[in-house]
């Protein structure tokens, strides 16, 4: 790129930035009092605009500024005279202070306020003259007409901004004048009206200015937009509106005005939806074809498409309820009527607020309102609708009369959920309300609403323990009740469990019959029949139980089905079991009973097979639908499956179904082969032997179950781990085979083909053609006459602007340096050189390598050229230098000089043709030629001066001398005259005197490039050096070869929105946050400088600073400070980073649109010309910007932005700054306004959309009143729901506020959107899954956030998430559930990616995983999971299960398997059975049994689940890199983290299902360099990991102490190593991954902090972070229900087995296990000892406050008690069989028992408090926590004593977190350059 072009680019970008930020680094800060108008006054928007104008003219005329401020004050006083609104008093006080300051600055003398009006009029005229108002707009128009792509774009932008600012001020001045006086001169009035007519584009609008006429916005000039606007015009069938109905003079009345008047919709809702419909219609029309500009008209097909898409759910609803839609004949419906219905629906939806979560309720409302509208149309009289009119008819409001009643009852029910703590069965959620409209009973609500209906009955507020309802009319749940129980897993996925149980039974029968298949085996196999019907009977019982709470409101048909199924399976189970028993008794397969049984089973199995399998084939499904007229068929289908409104037609294409079936058959074959041969069969023989050993097994204790019952518990101990593994290993096989299949699919799709920068270099010449095939729309693609070289050059020319923009964005992001950008940029290839010019990084140093080859070569010309051509880029470099030098010389030389150049090149060409180049030229002298050419180019690339011209002539002469005397060896006689003439000219000194200095930009670019080619001697093989830049370029270039839909022209692409919810996270780092130091003296800025050293250097270079500049130097410049804040924020998880990334979509569309400009004929003519690839100023092109606005919208829904503005939070200032820097950014927020009604302050809520205005402030676009507080469910979906009305387009991409995007990926968005129109099965896609790159780590994940939704499909079906409290806490996944149930289709695409930030600290990750696990626990209870589990075909159901809730259940089962295994071992050890069996029968030496018992469960599961990751690494990195990555992860203790994660998921998943308590966890998204205190880790992990880890340790110790292993220590280690690994991981992982976790000083501080926390007793208002007592109360808060207390009690009983077993192993017990009194003496005495220990504990912990009056007595009692305890213990050891080991064994026994008692007491906390035992329980609990803490802390303290441990841990941890090499030792040593600040 030439210097002029580079300067131009910088100028354009600087102009954009400076105008948008209003020329200042701190432009985001709102100055003055403007912008701080309290919400209660914001109904009058004039106040804010007046104050802004006062700020604007303060410097010009302070007196007029004072007048404006005083007028604003008087308006505020009129609105709220008593200052009762929130913030009004402070605002008035502040404004009065401003006025006083202005008065103090006035000139000496009294103020004559009587002259204010005259002064204002005079200033108005003066202001107009100063700013040349009459010529301002005309100048702008001339500039605009001078050419869209001319060099005047920067000037045009400045003129436009200036005009807008001037007219905004004039508008305010005129408004104030009109309000102050009615008597104005006629001339003044005309002047104000004339100026007001010129302020049309100052009226707030979003994208399309529909309420005004403008020449500045190119969107309205598009024919498709004009056609859409005209289609909404007032058509003949609409009755006339009243004359007084307000319609802007700038447009004619349309159908929206009619609907506005009739139904009383809000004005801004009408404006919002008018633009929405126009936007939809225009984009739909553009896909069909651009209308004629002279007479734009909308196609019928465009209207039909929008109509069917928008009202598809309504049509489906009518079909389901068998009712007639509002139209009688769809085909006869006119285009105008269709648009009228669509407009009505969107107006209803746009104002429905929270009712948008009830899509079928909206259908009901639309149905009746459309009928009402039809009646008005029939009467031909425009009048307000009855349904929206108040009782007195004076007020018409859709919101108040239609939406508010529904909202009120929904809100009342939501308020009754006790902030999510109430059981789901006790209140109606969104789904309950919506599903009421799935039956014809909904029409009982009548129209207008019959508010006396029980539907609208509100519950009375919930008391502490009881839900009191408002009489018997209160509605119950609808269709489904979310009871909190694990039984939901069986209820929802009963087919899976029946299948697994029956297969296990069948395999066991075969195994116990030694694999023989005879008549006996057949009879036993047929026992599967009773098993099936009994399990189906259990399912029917669950149907009955789970519906409790909804019987009164559920449809009678549904209740009848449940009862019929219960009766049917009751009778069937009895009948089948009876038949089977009778058949077994007869022992004859030919008996009638047996045959009858077989026939019954066969018929039933056949029917089930037909319904389960064949019904999933579309043809069979359609056939059965046609048979629905037969009652029997209809009855059978109804009995088998309830018919819901959702979930119908959930079948796949036959080919897809068959492929998926085969896939699952492979999985099941592997799973059941493993189960039979390695799990079941090896246990058959040991089981038979153990069962047969009835009399000769000696038990150590008194056994109450097994001893006389075939050793039942021993058999259970043997089989329980195997059964657990049997249930979970199907998930392992599914994971493995899915990973292999995914690997093959990825390889097929060419994923990971380019996995290194070397591959980018090697394949670069293929990129232009690949880019043209995939990402570029090329109208000349069909022209096959273009030759290959021309096509390559054309492709390169088209590709270069996109590639260069990618490179420039990498530079702006500071990933590459200036020199790297120069190397990476690609020439425009639009010049006269007949070859493709490649980027310099491919050609660097190639000329010198070729020179060396030529100089050393003794080969022929062909052999020499073959050696050069082995490296393609060396060949290209030689060709380019050859042609470029000829082009330059012929351009700059004149006369004889040009003749000489042409003669030399002709001779070279002749030598090449004669194959004699090596003979005719001295190639070993090429170095001299290169030196001379380099010197010449070095001079020519500078500015032309006489001295430089002389130097250039001298350089050409030197080049001539070298060529003539050193290089040329040709025979000059053939062209003697020419050479003679040239020689004479040289002798006379006139050969090169006539030199033309290069001025053409293209020529200067070639000169610079040739100079670079000849001076870059180092290889650029490692360019770029930055890892992130490499990764992005590798992925982008790889995606060019992947299969993706062809790109449509920008004008025809689908429009879309990006949608980001935001609450109060970091927007932009402030300097105080960046400089704030942690406890080690490390600031965030210093941390980032060390993490990203190359990016920091690039940043300094970008802002013009030396790389050695200190931080303090940057602080001198406000502009540099702002750039620094953005630089740091772009490396964190901030909203600023997300906004920058998403705005790349707009930039990409602008560039694509700009380069596609013109008609097809124009483009064909432009191929190969300079204009075709010229991108100068594309961001300022009005047409490109308008096209981008029409195709892309970005809405950030900042829920509390209004509150943040009022409180002047820095987040609000930063959000405003983002809007100023990004003109297309829109911010939606909920504004809470306090208004005075009847003397009382009332809160009103508004959903608002704002953008930045020309003054850098917010400009309100829409303000839609809400029926109440919108946050009645989960916060994030409610935040999304209120703002989704402001989105536009056909699609919406949901993006979290910690995500990122890249310009090169944004170029692919139009390809991705075309997936909506590609074949992906029976149903078109409704959600497109997108790949995520996690930029806070190196793991790639996909879990929903960047998905692209079919916008219209989803907003008409409940939205893009669900919001019911707690049950929908994982709100995103429910969008997928809902989409699938409503016949949507979800796909995933790997060729495009977005960035994603993840939590990087262990605590953050644990909180996040806890939230997700808890969310999955809630999903288990949900109706969505139930219906998907019921309605999917069997194989898709299994995939659904194992990828959602089943994954977490299998994770929990993995941990439970370890527990089952260890408790089994503990039973064998304590009961003595294990030792007896090994001694007498040597059963446990059986290798098969050993394999079953000794399986290292945890390691196997961990390795298996790592397979997908390994295969992903192999696919994307290559085999060797993948192995290195995996080994590195293991060295970085990845397995420890994985094991710890198992515990997190298990704890939160299980606890949520049992007790609830799932909630959103604010994990924090900062940089993790802070040391986490010991007590903070203890609080977070005590109950989830530490208690369970210590339980495992106790089990292992018991097994070590009392178990029997023939192999001794080695056998014990091999058997328990995985369990020890799990326990130690759970206990110490939080400290292992804790920064500075083993630093001695911090360990000492941690201990002090922990003891203070443990001993602080707390009190009212004390948080858990401050006191152990408060924390313990919080930890017990989840146990609230009676069933929860029962479950906790049952689970706690396991701890008592230790005391019972160990007591019988004491020496004091002997061998007495009989049921006599003596047998229980020691066991009973153990409880006495435990009681005595508790009494002693109470004596020693007696409250000091109570004992203050008898301290001496207390000390005496404590001393005596201590001495008696010691004496008693000594006597017991001396005079009884009690030994010293028995004492330690007793401690081992009492610890679990005490914990069990403590757990039961905590579960029954209310009862303990009533009994007065709670303080004692709390004291014991504190003792246990102190003990557990010490057990964990002591090893940490020991390791902290050794410094090398801390060093090792620090390097280990930070290498894991950051792969770019962090000098952490420098950081932790405190070598901080910021200390001087």
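Using the three backbone atoms N, Cα and C, a Cβ is placed for every residue, glycine included.
Heads up, TrEMBL stuff is auto-annotated, nobody curated it.
The model shown is predicted, which means the values in this text are computed figures rather than measured ones.
Checked against TrEMBL, the range among 1548-1566, 1567-1585, 1586-1604, 1643-1661 recorded as transmembrane segment is 1586-1604. Looking at the stretches 1440-1462, 1463-1485, 1854-1876, the one that TrEMBL records under the feature transmembrane segment is 1440-1462. Against the transmembrane segment (532-551), stretch 563-581 has more CB pairs under 8 A than any other of 563-581, 723-745, 1686-1702. Contact between the transmembrane segment (1586-1604) and the transmembrane segment (1823-1844) holds: at least three of their C-beta pairs are under 8 Å, each pair 6 or more apart in sequence. With DSSP states grouped into helix (H, G, I), strand (E, B) and coil, the domain '1,3-beta-glucan synthase component FKS1-like' (336-450) comes out at 80 helix, 2 strand, 33 coil. Across the candidate stretches 657-678, 723-745, 1686-1702, 1823-1844, the maximum count of CB pairs under 8 A to the transmembrane segment (1783-1803) is reached by 1686-1702. Non-local neighbours of the transmembrane segment (1686-1702) in the same chain are 700-701, 1463, 1466-1467, 1469-1471, 1554, 1594, 1598, 1602, 1679, 1723, 1726, 1730, 1785-1786, 1788-1793, 1795-1796, 1799-1800, 1802-1804; each lies 6+ residues outside the stretch with a CB under 8 Å from one of its CB atoms.
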